[in-house]
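Here Swiss-Prot flags C6, C9, H21, C25 as Zn(2+) 1 binding site, drawing on sequence analysis. Taken from Swiss-Prot, the feature Zn(2+) 2 binding site covers C33, C36, H48, C51. Taken from Swiss-Prot, the feature compositional bias 'Polar residues' applies to 141-150, 164-174. Residues or ranges marked as SUMO2 cross-link in Swiss-Prot (evidence: similarity to another entry): K14, K202. Summarising the annotation, Swiss-Prot assigns region 'Disordered' to 141-316. Marked as zinc finger by Swiss-Prot: 1-26, 28-52.
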Amino acid sequence: MVFFTCNACGESVKKIQVEKHVSICRNCECLSCIDCGKDFWGDDYKNHVKCISEDQKYGGKGYEAKTHKGDVKQQAWIQKINELIKKPNVSPKVRELLQQISAFDNVPRKKAKFQNWMRNSLKVHSDSVLEQVWNIFSEAASSEQDQQPPSHMAKPNTEVPTKVPSTKTNGTTEEQTEAKKNKRERKEERQKSRKKEKKELKLENHQENLKGQKPKKRKKGQEAGHEAGGEDAAEANGAPEKKRARDAQASEEGADRNGGPAEDADEGPTKTAAGKRKRQKHSEVESDNKKKKMKLPGQPEEGEPEDHEAPSKGKFNWKGTIKAVLKQAPDNEISVKKLKKKVIAQYHAVMSDHHTSEEELLAIFNKKISRNPTFKVLKDKVKLLK
């Protein structure tokens, strides 16, 4: 549908409504098309049936409009109407109707739709007139169909030699169509390629994160396994020693009980006293062993430093060592660099574990400093709060 703007009042009008607008607006002498911008004086606008589309308007210099099958058929249909107007057998009333029909660019090509369109657009309600117009169209269409078969029969012989070079030129035509693509199509292709690249990057990052997390979990599991294995081994080594001590005690007690009948009566009381002393010693040894077992593993024994107990437990007291270093410093304050150096040196001296890397140790150290409320970090220094 073509739209015009009135140069007198500036109102936009459809092509069908131009005559009505001219009767209202007396100064209307020139109309300009909204799409192409051309000016039409007087009745010249009637010949302007079709205008450029939005794709042609905004497509750029090298844009070529695609031919639609419907448009081709519609143009052929309107051509047929123009040919029928020139025929002498047509009545003047029907000729006027045909002239009005030729001004439209959306004329239906089927009987029911055509007659309905005539009633609504041209306000023709007499069935006899509608039948006359349609009969003229149907006769013209049937005459054309009768003439077409011989031309179709003659085409295959002529098309055989021309088909061979068409295969060679397919590549060049495809390249030309790609070069003449729209700006919109190019933008869409770029956006699609960018989206694909973003998705690929996200997948790669996700896979790298998964790979980085798995070995850490394995390391933790291995360390826990090593600790559990060390404790089991210590218990297994301690069990035979206990059994040996019990066997030795039982043998000595048996010897004390069975040793008296072959000896003299004078030696009897001395042996019984010695046996009592031995039993007392064994009971004292057993009580000492029980006391040692009852002691907690974290409590140090008398005369032994706390640092010697740490490797057997498998843990390093980060909080205690940091506190000790800060207490030794003046005003309970020291630089982060010095504190880090001293604490990690103490860790290596106490722990025999070489699995943990320097980066992990630094991460643990920073975590202990920042999350503990007893330590206050001010710029590059750490202070112990009371």
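Cβ coordinates are placed from backbone N, Cα and C, and glycine is handled just like the others.
Structural mapping of features recorded in Swiss-Prot.
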| residue | record | contacts (Cβ under 8 Å, 6+ apart) |
| --- | --- | --- |
| C6 | Zn(2+) 1 binding site | V13, H21, C25, C28, L31 |
| C9 | Zn(2+) 1 binding site | C25, N27, C28 |
| C33 | Zn(2+) 2 binding site | V2, F3, F4, F40, H48, C51 |
| K202 | SUMO2 cross-link | none |
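In this structure the C-alpha atoms belonging to C36 (Zn(2+) 2 binding site) and K14 (SUMO2 cross-link) are separated by 15 Å. All protein chains included, H21 (Zn(2+) 1 binding site) registers 18 other Cβ atoms within 10 Å of its own Cβ.
Per-residue confidence over the zinc finger (1-26) averages 82 (mean pLDDT, predicted model).
Take the mean position of the Cβ atoms of C6, C9, H21, C25, the recorded Zn(2+) 1 site; other residues of that chain with a Cβ within 8 Å of it are A8, G10, E11, V13, V22, I24, N27, C28. Counted with DSSP, the zinc finger (1-26) comes out as 7 helix, 7 strand, 12 coil. Looking only at the binding-site residues C25, C36, C51, the densest Cβ neighbourhood within 10 Å occurs at C51.
Taking the Cβ of K14 (SUMO2 cross-link) as centre and 10 Å as the limit, one finds 12 other Cβ atoms among all the protein chains shown. Around the Cβ of H48 (Zn(2+) 2 binding site), a 10 Å sphere holds 16 further Cβ atoms from the protein chains shown.
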